[in-house]
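See structure below.
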Amino acid sequence: MRVRYHTLEAESDEEDAMDESLPAMNRRRSNDNYDLRKVPSLQASPISGEDNVAGPSTPQHRHETHPDNEPPPYRLYRRRYIGLAQLVLLNIVISWDWLTFAAISTTSASYFAVSESAINWLSTGFQFAFLPMAPLVIYTLNKRGSKHSILVASALVLAGNWIRYASTRATDPQGHGNFPLVMLGQLLIGFAQPFVLAAPTRYSNLWFSDRGRVSATALASLANPFGAALGQLIGPLWATSEAGIPKMVLYTSLLSAAATLPAPFIPRAPPTPPSAIAASEKLDLREALREVPRNRAFWLLFVAFSVYVGFFNAVSSLLNQIFSPYGFSETDAGIAGGLLILVGLIAAALVSPFVDRTKKYVLTIKILVPLIASSYFILIFIPATRSVVGIYVICAMLGAASFSLLPCALEYLVVVTHPVSPEITSTICWSGGQLLGAVFIVIMTALRGGWTGEPEGSMGRALVFQAVVA
């Protein structure tokens, strides 16, 4: 027998915490540090209301005894949305920073007096910067938690953005920007990215129930490509010529600085776990790193995840160079990039709640992967049609399938690798995606040029390479 406490609370305007289907597992160690002292007498009916932030209410408590085989208590807290909003903001601005110059690659190359290939390295270097930080990210999320990871990212974003702005003011006698300085700022922001890109699964596992984790992961993870969409759409409007680039970088720096301000004030962890999977003890870091390589399901997901994230990053970075040889303007490419992401977000908003409710991870993955591969195949032929509608439609299709897959794959990783803490597998998978994204950009840039009859600078061979691998 064990003692269990019932908490009688004022009625909440939100849905009560749900009963959980997954049993808590006896494992060696938990890294989530729920502070039971913050709740005077917990806990514990399987269904308990959320904390009432609209006004104070004094709960009454009573003791009861129950058999040991009854499920432990789980509770949701409204404050979970504060940290989720901060993750969303940081992922938006970091991804916006990533494609600041890619959306206007021709204008940027002229302003910094470098080639378009050098401008590509601003995106490529950003992705490579993920890799050396991955071990530190795993350690930070595993040992210190999501809040510490967010604080590190915020500091790097602040420094990187203002260094980039300084590069637009430290001009040479001809008025060209300082390219090494802008590369330094870009790398610092690249160092920040893994601290928030790998955090959503950890954060949703820590704060959200089984019926909310996929949606929470989707919201935080897909904020990253949403920021890329904003960069694709707004950058060409702010920098219509070389003279507009300093203004564009300044506005981006101000928005990025504003997005970092809430970071010190987000809560560290909930007082009590929201679900069985959160309450169960996780393997410690060393044991987890020994366990993951032996998990066949993890490797199957890792390969597909890395390839498709890599190609999505490559296409996002090279979109202007894919379409411009066929007469499309930077604005056309920017709109196509925006549709790639915005339509994807809408599709993910529809698919993620379905996966949350049904848990049909495998079925969803089996449907979406062939759709993504087919979209890359069709993309080979679309630029040559010189149809604006065509490039808009194929980008929308590719975005819808890719974005719907992302949160489903990340949450399925948590399921198939449990009791490994989720930040470990998500960081490894994101590292693979960033590495392949950078490699694909280099390869596709080297393959620039088409066959006889295609315009100069065509990316035809690069698109064939992409379709074959996908």
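Just so you know, glycine gets a Cβ as well, placed from its N, Cα and C.
Annotated in TrEMBL:
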| type | residues | note |
| --- | --- | --- |
| REGION | 1-72 | region 'Disordered' |
| COMPBIAS | 10-19 | compositional bias 'Acidic residues' |
| COMPBIAS | 29-38 | compositional bias 'Basic and acidic residues' |
| TRANSMEM | 81-99 | transmembrane segment |
| TRANSMEM | 119-138 | transmembrane segment |
| TRANSMEM | 150-167 | transmembrane segment |
| TRANSMEM | 179-199 | transmembrane segment |
| TRANSMEM | 297-315 | transmembrane segment |
| TRANSMEM | 335-355 | transmembrane segment |
| TRANSMEM | 367-385 | transmembrane segment |
| TRANSMEM | 391-415 | transmembrane segment |
| TRANSMEM | 427-447 | transmembrane segment |
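The stretch from 81-99, 297-315, 367-385, 427-447 with the most CB pairs below 8 A to the transmembrane segment (179-199) is 81-99. Long-range neighbours of the transmembrane segment (391-415) within the same chain, counting only residues 6 or more positions beyond its ends whose Cβ lies under 8 Å from a Cβ of the stretch, are 200-201, 205, 213-215, 217-218, 221-222, 225, 277, 298, 301, 304-305, 308-309, 312, 315, 319, 323, 328, 332, 335-337, 339-348, 350-352, 355, 361-362, 364-365, 368-369, 371-372, 375-376, 378-379, 382-383, 422, 425-426, 429. Among residues of the same chain six or more beyond the transmembrane segment (150-167), those with a C-beta under 8 A of the stretch's C-beta atoms are 83, 86-87, 90, 93-94, 97, 100, 140, 177-179, 181-182, 184-193, 195-196, 199, 246, 249-250, 252-253, 256-257, 259-260, 263-264, 266. When Cβ-Cβ distances under 8 Å to the transmembrane segment (367-385) are tallied for each of 81-99, 119-138, 297-315, 335-355, 427-447, the top count falls to 297-315. Long-range Cβ contacts of the transmembrane segment (297-315) within its own chain (Cβ-Cβ under 8 Å, at least 6 residues beyond either end) map to 123, 127, 225, 322, 340, 365, 369, 372, 376, 379, 398, 402, 405-406, 409, 412-413, 416-417, 425, 428-430, 432-441, 444, 466, 469-470.
Proximity of distant same-chain residues to the transmembrane segment (119-138), defined by a Cβ-Cβ separation under 8 Å and at least 6 residues beyond the stretch ends, is recorded for 98-102, 105, 108-109, 112, 149, 182-183, 186-187, 189-191, 193-195, 197-198, 285, 313, 317-318, 321, 423-424, 427-428, 430-431, 434-435, 437-438, 441-442, 445.
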